């Protein structure tokens with residue numbers, strides 16, 4: 001019986017094997033049939049870097065080709081190779097078939113992936129053995145991908161991990177870090193550069209969402225240098241590192257000091273990146289094609305927006321527009337564009353470290369050419385490198401070690417943005433994290449830069465390790481970007497009399513109008529403005545919600561009783577002031593308000609949400625009633641005369657339970673006058689996020705159809721902006737005036753404003769990438785004053801003058817020597833008496 005059972009089992013196994021084999025054959029046939037036909041093209045496997053003795057170069061190249069390796073890039077003492085075929089590879093066929101047969105996968109998918117990974121590992125080991133055995137080759141290793149160290153725009157600085165109490169260890173510390181990292185990764189501030197951004201895509205952000213320009217903590221520390229819309233700004237980082245000092249020469253043009261920026265290019269059409277006062281040149285390197293011809297691609301383009309941002313921080317001039325860089329008097333900039341030369345617009349597109357060696361060499365070649373052209377003047381170069389990844393590469397390390405023997409090359413690199421990676425959460429609060437390269441090579445003339453925020457800490461994302469040399473501003477950094485990444489901004493400028501009227505309406509004791517959230521442009525409105533100050537036209541309140549309020553704005557294809565009548569008060573080019581009542585969709589109401597202004601002869605539209613203004617008015621009234629009641633109670637306690645209890649009552653403080661922060665001299669104006677000078681509103685309205693209004697309310701929206709018809713007939717759509725409830729209430733009170741009894745009354749209007757919508761090719765970014773150009777620019781600026789000093793002297797001066805006291809409770813493993821200080825570094829380098 002046992003033999004019989006065994007025989008049955010054997011037969012069953014054989015039949016099962018035959019059935020499985022049959023299924024595999026059928027599956028293979030189906031896969032072959034379903035796989036799309038792809039033209040034959042070179043398909044290359046994993047890439048390897050080999051280092052060899054210079055005198056063996058030709059022999060090594062012959063051996064590589066004899067073994068079937070394709071050489072992708074090469075240079076003195078190294079080559080990057082892989083094995084390629086001229087046919088569509090098996091893995092590519094399988095991938096194409098799996099995309100076609102996604103529903104049929106699943107059962108053996110995991111096993112297949114494991115098998116593929118194991119097979120690749122075996123192939124990798126075999127290739128490395130073959131390469132290592134070649135005569136003259138002393139190192140063979142897998143090539144490494146490097147990524148741009150960039151994060152997406154952040155709403156504000158992230159608290160430093162070192163600002164926690166010293167007792168924050170153990171499980172509680174780990175949980176807190178994991179939660180913070182998870183929240184950061186889900187939000188804007190935590191998204192990292194490299195592969196994550198590549199997967200996320202590269203669509204430029206919406207240009208009509210500019211609130212982070214002025215609503216972040218770091219933004220409030222910028223210094224406006226002009227009062228007009230979009231006027232020049234000195235970013236907080238420039239002030240913090242003493243780059244605004246007049247004691248340090250502010251130009252490096254014709255000094256013999258060049259900044260070489262290895263990045264995604266530079267948008268040379270930017271108004272802040274023009275040839276004068278800067279001197280701009282560059283090189284675009286092709287990669288991965290086997291073509292070693294240098295500089296065949298354009299360098300003056302940037303489809304990522306990364307390199308232009310770096311360049312602006314280094315050399316944006318003091319010219320009355322945009323931002324001011326570390327070298328405001330003009331800089332010699334040489335750009336090596338190596339990212340996105342193929343047209344791939346993925347942010348953080350990776351490049352092989354072996355290809356980057358060619359970029360380093362391009363900087364060196366440029367320096368040698370300048371030295372040959374100017375034999376009587378010492379030539380020096382600072383190389384800015386805002387990229388990196390885990391894993392050293394011998395070929396790359398050897399290049400830096402050789403270059404460090406020169407006295408005229410200084411390198412500045414990003415310490416890395418993966419400090420909030422999941423793997424780092426198990427580290428102790430001050431424990432070292434893994435290193436990013438090339439920043440972490442042990443080279444004396446290479447500075448690894450950490451990301452310092454504007455609150456005196458180090459950003460959570462900034463990698464901490466003993467390779468960090470110095471910290472510099474990298475959070476909320478405002479700088480130049482290409483036109484594709486611009487903002488569309490709006491400004492409502494007031495003349496002197498109008499500003500005084502708004503100050504009185506708000507009750508500000510300092511006589512100045514409060515600071516309001518920046519006006520937001522309506523999408524589909526033109527990039528234009530009124531040009532001059534125009535009268536503010538009060539178009540009146542929209543009708544209250546009725547029984548028909550929930551209906552659409554049209555009946556039978558025609559506009560029903562209009563939500564807004566023509567704003568005749570704006571006749572002759574006034575600025576229409578219209579509150580949107582919230583009866584319809586905000587897009588449709590914005591469109592209807594624009595038609596009302598156009599029909600009335602206005603020149604621009606200022607709109608707001610009436611419901612928000614009504615809510616604010618009620619809050620101010622409640623606050624004033626509470627304050628008046630408290631005042632009467634105090635007067636009664638003191639036996640004061642009843643005549644003091646009326647409208648002429650002295651200034652009284654608000655009820656703190658209402659969260660108001662100011663004083664109220666006149667309830668009829670709904671104003672305050674507190675020590676902050678911001679009137680009678682609470683801080684929540686300072687941070688009010690305005691809705692994204694637009695005029696295009698859809699193809700089924702008759703208002704938009706009418707507007708398009710008018711535009712086809714030659715009519716022009718007016719500039720339109722949306723303002724916050726606080727500004728709207730102050731403008732209404734200023735325009736309408738008030739009575740002693742607190743009732744609004746019509747009043748002859750002489751108040752004026754200028755409404756402008758304009759392009760703004762500047763953005764705020766976070767990351768160690770943004771910290772690097774501060775150090776690179778500072779190094780070039782002080783080196784220009786003392787060109788006889790060596791690269792090692794400049795490196796020492798920067799590190800020894802850094803101020804550790806400016807970074808609160810932050811250890812050296814996070815901030816290196818301390819926070820960058822330009823003027824102190826200048827004094828330190830001067831003290832070296834370089835000969």
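Just so it is clear, glycine is given a Cβ too, placed from its N, Cα and C backbone atoms.
Taken straight from TrEMBL:
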ACT_SITE  263  active site, charge relay system
ACT_SITE  306  active site, charge relay system
ACT_SITE  769  active site, charge relay system
COMPBIAS  624-633  compositional bias 'Low complexity'
DOMAIN    255-508  domain 'Peptidase S8/S53'
DOMAIN    760-805  domain 'Peptidase S8/S53'
REGION    185-212  region 'Disordered'
REGION    507-527  region 'Disordered'
REGION    624-650  region 'Disordered'
SIGNAL    1-34  signal peptide
Practice item. Could you give me the DSSP helix, strand and coil counts for the region 'Disordered' (507-527)? Key: 0 helix, 3 strand, 18 coil
**Study point:** Alpha-carbon distance [residue 306 (active site, charge relay system); residue 769 (active site, charge relay system)] in Å
**Key:** 9
Practice item. Average the per-residue pLDDT over the domain 'Peptidase S8/S53' (760-805) and send me the rounded value. Key: 96
Check your understanding: If you measure residue 263 (active site, charge relay system) to residue 306 (active site, charge relay system) at Cα, how many Å is it?
Key -> 7
Revision key, fill the gap. Using a 10 Å radius on the Cβ of residue 769 (active site, charge relay system), the other Cβ atoms enclosed count 31
Point to revise | For the domain 'Peptidase S8/S53' (760-805), residues assigned helix / strand / coil by DSSP | key: 31 helix, 6 strand, 9 coil
Check your understanding: How many other Cβ atoms sit within 10 Å of the Cβ of residue 306 (active site, charge relay system)?
Key -> 29
